[in-house]
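Dropping a structure here in structure tokens format, bear with me for questions.
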Amino acid sequence: MFTFLATLFFNTLGWSKIVEETTVSKVSVYIFVLLPMVIGIVLLAIQMVRGTLRLFYFKELLVGIALFALFIGVSLIKSYQTGKFAVGTFGEAARIVAPFIYTFIVVNILSLEDIDKLMILTLYVAWVAYLINQFIITGASQRALSISFIDSSSPFENSEVAAIAFAVACYFIYFLKRHPIYCFWSILLSIACFKRVLMLFTIVLFLYSVKLNKTKRLNRLVKWPLLLVTSAIFLAVTVFYLYIMEPQNLAWTWEKLHFDVDSFSMYRSYRVQYLLQHNYVSYGLSSSTSFLNTNPGSWYTNHTLELDLIKILIELGKIPLIIFVLAYYSLAYESMYAYLVTTAFLVNLLMASGLNEYYAWFVMLVTFALIRHNNVIDENYGEDK
């Protein structure tokens, strides 16, 4: 558990803006990403030797490894075709697979009580990071009356803490009966971060959990058609979103749809347009970030594309994108609650960023694992028995 705490506190430095991400060496980042994996694998090996290894969440782990292999494989092919290589390829792929490995380690080593303690500490740390960020680093408390939901603007808006705040809220909303106080504070933090998509889904999940049966399972005859249709919708919407952002289509978008895609995307579309106007050709995962940062004359140094589903689409293609979406929906099993959480994360990836928020994805996957394996992880602890 100590290694997860070390990684949590390292992430806190970035969430709070005590340390800017651009000032932290890549080596330090990768050390704290890999540390829980290395120590966890050693502990799992010890359990295997003793014959006590339970292997919960193994199939789900394979999903993460398959995604890692797919993204690396496609990236290497594109890198070979273009003669270029993005340094961040393996780093981004590692952040995608890390939550799967973390979750596999946690559900096989920690008791449910220990997992609860880790989530409670994560909530405390997220609140501390938010307060430091907002009231010490940025001084947002002086502009409290300038909140606008329509324009998605608030002095309290916080992109750094939003993902982990929402993930922790998902955990405590599901275990509301066991942790009503922590549920309240996690919901408050998610709303305080003022990210439209995540704030809305936080409220939806709470109402769903209170008013309906959150443990209700999807009929297996319904599950896969629903997941396939939803995944196809995400692919279609992502392709269309990219289409209306293209410079040659902006006039058509405004004239025919009366839709200002630039303001809707909070002007993230400018980065997409920059790539297209400067003849960007993908050379794998993270290549758009590399291009924005290194192209001569670029005014997007130290920026990423942010629109993560579009990022996957233009960096890797349509097939990896739909496999990515399907993979995460497959982890929802037959749980409608998990389906809604997955949808929230994916909508956020469509409209903003979060692909590299590996600790938030870890919390989400732990929640899913407990939804499925709660009765067998710790038979003596839990609410839904």
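Every residue, even glycine, has its Cβ placed from backbone N, Cα and C.
Annotations for this protein, taken from TrEMBL, read as follows:
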{"type": "TRANSMEM", "residues": "30-49", "note": "transmembrane segment"}
{"type": "TRANSMEM", "residues": "61-81", "note": "transmembrane segment"}
{"type": "TRANSMEM", "residues": "93-111", "note": "transmembrane segment"}
{"type": "TRANSMEM", "residues": "118-140", "note": "transmembrane segment"}
{"type": "TRANSMEM", "residues": "160-176", "note": "transmembrane segment"}
{"type": "TRANSMEM", "residues": "183-210", "note": "transmembrane segment"}
{"type": "TRANSMEM", "residues": "222-244", "note": "transmembrane segment"}
Test the contact criterion for the transmembrane segment (93-111) and the transmembrane segment (222-244): 3 or more CB pairs under 8 Å, pairs 6 or more apart in sequence, then answer yes or no.
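They are not in contact.
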Grab the same-chain neighbours of the transmembrane segment (183-210) for me: Cβ-Cβ under 8 Å, and only residues 6 or more beyond its ends, written as numbers and ranges.
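Here the qualifying positions are 123, 126-127, 130, 147, 149, 152, 154, 156-159, 161-163, 165-166, 168-176, 336-337, 340-341, 343-344, 347-348, 351-352.
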Hey, which bits of the same chain come close to the transmembrane segment (61-81), Cβ under 8 Å, at least six residues off its ends?
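Distant contacts of the transmembrane segment (61-81): 89-90, 92-94, 96-97, 99-101, 103-104, 282-287, 315-317, 320, 323-324, 327, 330-331.
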